[in-house]
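Single-structure report; data block below.
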């Protein structure tokens, strides 16, 4: 009776370790226990047999930290002998859970690893064939490199090849320079000889007669005055260096004539005659 009570208690505590039907005193490892799943023999050590209790099942020395086996199934992975058919561990499988490995070992077949390329930078490769981390290169990079030589061999622009015909205007940098005809220069020189500063009315008349714009006439007078100042400065510098008569392009000018040539007196002032002032002294 004492032995039957122990059997009932131990059967409730360890449902997966009941005695085999043969009564040989060994733990049920072939699935003959009370609904428990078989446990690997490599994880447990055999317990010594006790002759004091007849029919007492031999309990394996289980780790106290592991939960008892019951209807929950085995928490252990398959034996290592089953892993020999699969390839070795890879850096890409570092984050795969153990439960997924044990539940579906057929997912890790050799064909999945054969198509993977080298993994670069320690990143996990893609699960699809031929999409490894090392082969992630932008597709348009090769096209850009191939198109760069063709860009360098481009022909010059059309306006660079054609010969520009002169139509009265030439281009210097970003501004247009007007090319005046001989008739236009002659009329402008006549007007400049009379008046160095042209009036607004006369400027509009010259623009209409010569076929120019008022802005072009104004710019011509500005340039002509600047040219005259430059010529006068050049003559003065030549006179100071030589110490004698100043030689010009047209004629020679003596030193006594310089004031008359540089500074002309108006015609109205020339008509006046000097007035003689007589002093009258009144005596007492």
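Cβ from N, Cα, C; glycine included.
Per Swiss-Prot, the stretch carrying the note DNA-binding region among 113-172, 173-232 is 173-232. From the options 15-40, 41-66, the stretch Swiss-Prot describes as region 'Disordered' is 15-40.
Range with Swiss-Prot annotation region 'Disordered', chosen from 238-259, 260-281, is 238-259.
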